[in-house]
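Let me begin by presenting the structure, written as structure tokens, before commenting on it.
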Amino acid sequence: MNALPATEHAPKEFVLEVEALTVSFDGFKAVDDLSFYVDENEIRVIIGPNGAGKTTVLDLICGRTKASHGSIRFRDRELTRMKEHEIVHAGVGRKFQNPTIYEELTVFENLELSIPRGRTVFGALGFRRDQAVLDRIEEIAEFVFLKDHLKTPSAILSHGQKQWLEIGMLLIQDPSLMMLDEPVAGMSVGERVKTAELLNNIIKDRSVIVIEHDMKFVEDIAHRVTVLHQGKVLSEGSMEHVKNDPKVVEVYLGH
Amino acid sequence: MGSSSHASTGTLDKSRFANPFFTREGWLYFAILAVLILVVFPLTLDAFRLNNVGKYLTYAFVALGLVLCWGHSGILSLGQGIFFGLGGYCMAMFLKLEASSPENTAIQSTPGIPDFMDWNQITELPWFWAPFHSFGFTLIAIVAVPMILAFVIGFAMFTRRVGGVYFAIITQAIAAILTILIIGQQGYTGGVNGITDLRTLLGWNIRTSEAQFILYFVCAGLLLASLLLCRAVHVSKLGRLVIAIRDKEDRVRFSGYDVAAFKIFVFCFAAGIAAIGGALFTLQVGFMSPTFVGIVPSIEMVIFAAVGGRLSFFGAIYGTLLVNYAKSTFSETFPELWLFAMGGLFIAVVMAFPDGLAGLYHRHVRPHLAKIPGLFDRQSGRGRDVVAQPAE
């Protein structure tokens with residue numbers, strides 16, 4: 001349905017509009033005049049060779065890196081001028097490339113800290129672990145296959161489980177845009193299948209941007225694919241379209 | 001909630017995820033500590049030694065704050081002496097004004113002002129001294145002045161994402177600057193001698209051995225109260241968040257928290273606790289001087305927390321007592337070797353026992369005690385006062 005090349009539609013509401021985005025580090029343009037648009041309920045996968053600027057794009061959207069030029073509009077809010085935690089409050093969640101979880105704490109506590117309640121200093125001091133909290137944690141833990149591990153210190157989870165936990169930590173915030181940097185890295189084949197299923201379930205009410213190298217997985221989940229090369233969009237469209245694009249073939253074979 | 005069936009969602013057993021203030025084991029440790037400092041010490045030590053212990057306990061306030069600030073939140077401050085000292089100076093200013101009544105200071109060229117001001121040809125009480133005539137103001141200032149300074153430092157550093165070693169160096173520099181300032185402004189601060197010759201608190205002579213005895217209990221009681229306060233912060237969501245910030249700052253930030261605000265809070269909290277210790281120090285020792293503000297005492301206080309175990313509130317108190325006991329015994333015999341011993345101790349702790357006494361206890365002693373039936377309850381394995389515990 002959605003798997004059509006990005007074409008000139010009538011003006012419509014996108015969840016995310018990235019326009020003319022540029023960032024340079026000491027003169028090197030990691031992202032160069034980049035524009036792309038993400039739809040409601042879309043899974044967009046960004047692929048590209050190493051150094052193409054994929055992670056930098058996510059860094060720019062979530063405010064970790066400041067753009068030199070260009071704009072990032074998310075539901076009519078300009079993200080380039082907001083602080084990181086404000087961007088999260090606006091509804092953007094981000095998973096890091098290496099599973100980034102609180103290893104000293106249990107799965108339960110990891111999820112609890114991610115609940116969007118008591119986010120101020122005094123809010124956190126007064127936060128109570130009530131029934132609503134328990135129910136929400138249980139719901140999300142079940143979703144990311146960790147319900148039987150709630151009391152497990154997260155340090156001893158398998159690599160794949162850590163990835164799921166971090167996805168769960170995003171989900172519990174109920175973001176309308178989720179950005180996942182290599183969510184299946186280090187996962188077994190079985191875990192990858194489950195993760196693809198998981199992602200297809202969570203887009204019911206949100207959009208997802210995924211960076212991934214595993215082409216099989218990309219084919220399983222992508223509605224549209226954006227190929228980045230040297231900070232620019234090389235090609236965009238369905239997986240089928242992108243795979244047969246001579247420019248893409250050249251870049252990948254050239255490496 | 002009524003049944004404990006494990007059917008579908010909405011059935012998480014609340015008690016399994018309860019977050020008690022203290023487990024039974026925790027209360028046991030608290031009771032042991034309370035008995036030790038409230039009963040055993042007063043019964044077994046002579047007045048001089050007890051006063052010494054009271055002095056050590058004032059340092060334990062600083063160590064408690066460091067557990068939260070350094071151990072849990074990863075903010076190493078090498079300038080806690082600043083806050084201890086400011087709290088102490090606020091108390092000293094009040095006591096000094098009380099001791100400098102016009103009758104007591106009739107022989108000065110300007111009666112009614114502290115003696116050291118008179119010696120420095122100051123003829124009028126400086127404006128910032130005047131409010132310290134009020135005991136109520138002083139009590140507030142003891143905590144507020146250091147916390148405001150901590151807020152300014154914290155705000156300037158943490159919103160700019162200064163952390164780690166850089167933060168430690170800056171706090172140390174501020175400790176040095178404050179010492180120089182106090183010594184340089186002799187007419188306003190008493191200079192290198194500090195504020196001395198303090199006599200009464202609201203007319204009550206604090207230099208009698210009876211007063212010393214009572215002040216010891218005030219100090220011990222406030223220390224236990226501070227421990228409970230620290231514990232309350234630790235078991236709140238904020239307590240878990242700061243651990244998360246220490247380990248994965250970016251994950252916390254991108255979960256929607258303003259990380260700097262939490263660091264500022266913890267730093268201010270530790271400063272406030274340290275300041276209470278400083279004020280009690282002044283009361284028990286009877287003077288305050290720049291020696292307790294600068295770099296050396298600040299680093300010593302970090303060593304107290306490190307030896308006791310920087311993750312454990314109880315450990316910090318025992319560490320402070322032990323190091324200070326060793327210091328007074330050792331330096332009575334070999335005064336010039338003490339600093340080397342202290343340095344060696346710190347290196348040994350960091351290299352060999354990073355979790356200090358508390359870590360040793362949990363690794364080698366507690367497993368044996370846990371075998372005694374009924375001593376610790378079933379939930380005691382969750383004791384997060386120390387390091388992460390293995391899975392149940």
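Glycine is no exception: its Cβ is also placed from the backbone N, Cα and C atoms.
Marked as transmembrane segment by TrEMBL: B:26-45 (among others).
Sequence annotations record features per position, and here TrEMBL assigns transmembrane segment to B:57-86 (among others).
If you look up TrEMBL, you'll see B:135-158 (among others) marked as transmembrane segment.
If you look up TrEMBL, you'll see B:165-184 (among others) marked as transmembrane segment.
Among the features that TrEMBL reports, transmembrane segment is placed at B:213-233 (among others). Through the fold, the transmembrane segment (B:213-233) approaches residues 21-22, 26, 30, 33-34, 37-38, 42, 47, 50-51, 53-54, 57-58, 60-61, 64-65, 67-68, 206, 239, 269, 273, 276, 280, 283-284, 313-314, 317 of its own chain, all at least 6 residues removed from its boundaries and within a Cβ separation under 8 Å.
Within its own chain, the transmembrane segment (B:254-281) is flanked in space by residues 54-55, 57-62, 64-66, 68-69, 72-73, 75, 77, 80, 82-91, 142-143, 145-147, 149-151, 153-155, 158-159, 161, 163, 215, 218-219, 222, 226, 229-230, 233, 238, 241-242, 245, 288, 292, 301, which lie at least six positions past its ends and keep a Cβ under 8 Å from the stretch. The annotation transmembrane segment is assigned in TrEMBL to B:254-281 (among others).
Look at TrEMBL and you will find B:301-325 (among others) tagged as transmembrane segment.
Annotation source TrEMBL lists transmembrane segment at B:337-354 (among others).
Of the two recorded stretches, the transmembrane segment (B:165-184) lies close to the transmembrane segment (B:135-158), with three or more CB pairs under 8 Å once pairs fewer than 6 apart in sequence are set aside.
The largest share of C-beta pairs under 8 angstroms with the transmembrane segment (B:135-158) comes from B:57-86, of the ranges B:26-45, B:57-86, B:301-325. Long-range contacts of the transmembrane segment (B:26-45) within the same chain: residues 20, 53, 57, 213, 216-217, 220-221, 223-224, 227-228, 231, 314, 317, 375-376, 383, 385, each at least 6 residues beyond the stretch ends and with a Cβ under 8 Å from a Cβ of the stretch.
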